[in-house]
Amino acid sequence: MRRLAARGAAGDAGEVAAPAADSTDCAQGRSPRPPRVTLGLFVLLLCDRLIDLCAIWDPGVFLHAAGWKRASGTARRRLNEAETLSSVREAQVERLEAARPRRPGCRERGPVLRMARQQPPPWVHTAILLCLLSLTGAIEIPMDLSQPPTITKQSVKDHIVDPRDNILIECEAKGNPAPSFHWTRNSRFFNIAKDPRVSMRRRSGTLVIDFRSGGRPEEYEGEYQCFARNKFGTALSNRIRLQVSKSPLWPKENLDPVVVQEGAPLTLQCNPPPGLPSPVIFWMSSSMEPITQDKRVSQGHNGDLYFSNVMLQDMQTDYSCNARFHFTHTIQQKNAFTLKVLTNNPYNDSSLRNHPDMYSARGVAERTPSFMYPQGTASSQMVLRGMDLLLECIASGVPTPDIAWYKKGGDLPSDKAKFENFNKALRITNVSEEDSGEYFCLASNKMGSIRHTISVRVKAAPYWLDEPKNLILAPGEDGRLVCRANGNPKPTVQWMVNGEPLQSAPPNPNREVAGDTIIFRDTQISSRAVYQCNTSNEHGYLLANAFVSVLDVPPRMLSPRNQLIRVILYNRTRLDCPFFGSPIPTLRWFKNGQGSNLDGGNYHVYENGSLEIKMIRKEDQGIYTCVATNILGKAENQVRLEVKDPTRIYRMPEDQVAKRGTTVQLECRVKHDPSLKLTVSWLKDDEPLYIGNRMKKEDDSLTIFGVAERDQGSYTCIASTELDQDLAKAHLTVLADQATPTNRLAALPKGRPDRPRDLELTDLAERSVRLTWIPGDDNNSPITDYVVQFEEDQFQPGVWHDHSKFPGSVNSAVLQLSPYVNYQFRVIAVNEVGSSHPSLPSERYRTSGAPPESNPADVRGEGTRKNNMEITWTPMNATSAFGPNLRYIVKWRRRETRETWNNVTVWGSRYVVGQTPVYVPYEIRVQAENDFGKGPEPDTVIGYSGEDYPRAAPTDVKIRVLNSTAISLQWNRVYPDTVQGQLREYRAYYWRESSLLKNLWVSQKRQQASFPGDRPRGVVSRLFPYSNYKLEMVVVNGRGDGPRSETKEFTTPEGVPSAPRRFRVRQPNLETINLEWDHPEHPNGILIGYTLKYVAFNGTKLGKQIVENFSPNQTKFTVRRADPVSRYRFTLSARTQVGSGEAVTEESPAPPNEATPTAAYTNNQADIATQGWFIGLMCAIALLVLILLIVCFIKRSRGGKYPVREKKDVPLGPEDPKEEDGSFDYSDEDNKPLQGSQTSLDGTIKQQESDDSLVDYGEGGEGQFNEDGSFIGQYTVKKDKEETEGNESSEATSPVNAIYSLA
């Protein structure tokens, strides 16, 4: 048997802490008041329930805290990953609060408890997304209270509509009293009553424009804005730009056949009609077959079809560009291109397609790559932050080039970058500012390589740093609205009140505007209004509404009264009490009417009012009362808590091996709380098990009669109640009937041992016990070891730990025990095959308590802020607690002053000391204590309070140039008291200001050099020669950088250049070699020339090296070969006054087949045209062609049915319902099967059985398509039947084709 996961409790689904009640208050800049919970916080509590529901989900199995470590390894890993999500959520809330200005007296929010989570079902994902959004959402006011309007729903900013439907522009809002609505169009009042087609939905501002009685949707295009108003203010929607979708027709055109030489590049341009939104482009043949794309043939982002090199097989089909328009559900089809490929080898041998040297086998000359798109060597591209960046490079060449992508000065962002279209496109998702820079694509084949550089600039539409939130104040309170946004260029901020500019609003003495912040002081009821913040730049805008509401409200409870919460024993749970009031109420908890407030020990009250019970025990059952109080009154609510026993499978199904036809019984005995309804179900191979006639399901077992091979698999028993569940799995193996073996000496099969049984505890002592067991069958493999495990029910109930290991010859052992642990033991047998299933647990034995004998380990003190010190340690486990109520006595004092010890008792594993000086040493001690006494005296650990930023910068910075790429720095060190922390390093920030060479662009990206420790000098290397630099120095501690020193300037001297770029060696014939190169990428000075060294070689023989010097402007050179056999090795370098730079080496191409041409061949090659045999051969060929033409002409004259008319549009008859626009409607109204046809190698279509083949139809006809563009209908306009028959003559036998082949 294999237990998959431990039990869980649905009662846990509410046990996470909500944000502190006064944290929202502080975040909005309010004066501190007693805590209250708003409806917005109630939403957070509900979200936390959903998040914790996700936390305990394990593919349908709920996990409670006690069962965490019994979960599967995969489950625990998933839970740990989900823990990160909890941290992200907590960090989001903390960032939200940190961004709010705080007033004196505001308290920090309480800790947010986090439960580990697993992969939830899809609906939980949606709920969590909404919850995460609500964490930063506006505060909600109960709807029965007066409040200004709030926009709750609106259409998107760019609203594109289908011209065939009625237009709907959404605008909904809430408020008390209910708001009224009006609209503007193009910034002018839109009078709805004057237009009979326009109406507004009841109790809503949504506009409906009806075209059932006629009208053109294009007349209503424009920019719309909705206004929702009541007596407390006016809220605005976004400016909604309404556009009607367009799918224009493709212009009529007749396309001539495209003639291209085999091996040449080709671009088939699509040029689709501009639509709104842009159409989806795809290429198909006229027979509705998708065009196969690969590294050689592919579609570009602009819709064009690119051939890096054309091959003869490309002529076997035609090519039609199709544009699919989403809104109108139509496909526009362009007339098809027909290819004519001129070749030196007219035989299309399919075996050559996979030839290792396909091109040379077909006589196609190899070429170096060149770019088809984009053109040139450099281009630029701008992209907005958050969008996808798509870079594309398509190259031609023979063989087909490979494309590689790089980023100058760094690596591609591996987490966001992906390659598309056979590496021809680079897509970077969710672009940010650090993605700007220079990217380049490298196209290469065996003939050479080229590079194209793309300069990427990242701009940004406005995005929120701090979005204004609704502000709820009591009379006389202070508050503020903050509107902060960023973008590139920097956006401007405009404030409005009730839809009017703030400058033209009536003056308010209680209101002060300070840039992006509005401050309210001593607010009164008359201060209620809705404020709008509009932040914009050239790339877009953001508009936010935030109201100011001034209320005097006594406390009220927001949750149902007298709730019943049932939880499983030993779980963590939390009782929520959402409430609302103004001024902010205080909240207290009581149990069973007792007068003492619940807080401390097993209880913890969060600042939002939630009561957490860390581990539920039977005595925690009862009635809990929460009371909220402010100066206007009080309100209370009660929660009844019931504690239930967990559901456990104590007799689990076991793995079994059965013969076919026998009976198998799988046990599943369950123990559960009698007040809960138990359901036992079975799975087979993780799917629900169908209980057929051969199976019998009982409460505690599953019986299978007449076992067959199909019954083999894994069986899972699931015992569940409405609060929790447990499951266990076993595997059934079915053996086929076999003859009884006659060889008694045959080796018996080995298996894992059976589980030990009958565990017994004897010799009970305070710190030891004897455990005895009976070994199980070893299954033909001797038992080598026994592993004893234990479980305790206080700290980690249900989790088994290894205790000790004993030899296989032992079945009794004395176990050493720890004080105050309620032990339960089990034994596992091990042999060479594997481990047995664990034995059934022994009876429990609790040892007596004692004071701790050790203290927590890993004690440290570190500052998390400049004015605190956090003391942490590793908590002690159950076997080192030695008694109940384990706690820690934390002591600390300043090291230098030797003051008296401060101390505090802590139940957790951390304590924060506040109001500490900046970075001073403390002596720290942490001592364990339980109800039996204290542990030994702890060791003293030295910790430090928090660091602050350094206050001083290095002075007297001196720079000495060492060489063209390095400098030496020297500075005066800062005084230790100005570091305000541990000095980590001195750091130099430097950047290249310009090059001494004119018109040379340089990157001014800041770089840094670190000098660890307290040192006065260092060296900065890897500089660019012949450049102007600037440099600043800072000192760095654990908090960050200190102030910058005075900016220093220096110039690096001239250096040697980098290697010349793109050194190409070409051999046009056997007599000359052409050399070409480009200037070095980094001249590093003034170039004075190039040096070329080359030497001839033939095998191992080397000729004399020749040296050539060139001027700096020369980039070409031709070498006369001494003989046609030898190859040449060329070495090229550039020179400055300093010397020669890095050299690049290339070799001349090897002669074809490495064959040595003879002198006779060389002499006769030029005279072949004058040879008699050649002239005779050409005359014979010409005579043969003439005879073929005459025979063909005679044959055609006898046929008499060949059409001679020119290609033209076929007139439409009554039976031809063709639309004039040439578009295809691919709605699912009329799906007709495609008639059978067969395509020949030359692209013509031969009819089979039916005359309704695609070749019968004209160009631009109408058909039907699925959403993926596949053809599902048929054309409705036929060509003349005789013309079709005339075109059926085979192109392979045509004399015209014969001439093309000879050409």
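Using N, Cα and C of the backbone, Cβ positions are placed for all residues, glycine too.
As written in TrEMBL, here are the features:
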- 1-32: region 'Disordered' (REGION)
- 149-245: domain 'Ig-like' (DOMAIN)
- 251-338: domain 'Ig-like' (DOMAIN)
- 369-457: domain 'Ig-like' (DOMAIN)
- 462-549: domain 'Ig-like' (DOMAIN)
- 554-642: domain 'Ig-like' (DOMAIN)
- 646-733: domain 'Ig-like' (DOMAIN)
- 755-850: domain 'Fibronectin type-III' (DOMAIN)
- 835-863: region 'Disordered' (REGION)
- 855-948: domain 'Fibronectin type-III' (DOMAIN)
- 953-1055: domain 'Fibronectin type-III' (DOMAIN)
- 1040-1059: region 'Disordered' (REGION)
- 1041-1051: compositional bias 'Basic and acidic residues' (COMPBIAS)
- 1059-1155: domain 'Fibronectin type-III' (DOMAIN)
- 1138-1159: region 'Disordered' (REGION)
- 1204-1303: region 'Disordered' (REGION)
- 1217-1228: compositional bias 'Acidic residues' (COMPBIAS)
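Within its own chain, the region 'Disordered' (835-863) is flanked in space by residues 1, 654-655, 752-757, 759-761, 764, 766-767, 769, 771, 773, 776, 787, 789, 791, 793, 800, 817-829, 869-876, 880-884, 886, 888, 892, 909, 913, 916, 919, 922, 924-936, 938-939, 941-947, which lie at least six positions past its ends and keep a Cβ under 8 Å from the stretch. For the domain 'Ig-like' (462-549), the mean pLDDT of the prediction comes to 91. 462-549 is the stretch from 251-338, 462-549, 953-1055, 1059-1155 with the greatest number of Cβ pairs below 8 Å to the domain 'Ig-like' (149-245). Note on the compositional bias 'Basic and acidic residues' (1041-1051): residues 949-955, 957, 959, 961, 967, 971, 974, 978-979, 987, 989, 993, 996, 1027-1035 of its chain, located 6 or more positions outside it, place their CB under 8 angstroms from a CB of the stretch. As a summary of secondary structure, the domain 'Ig-like' (369-457) carries 3 helix, 55 strand, 31 coil according to DSSP.
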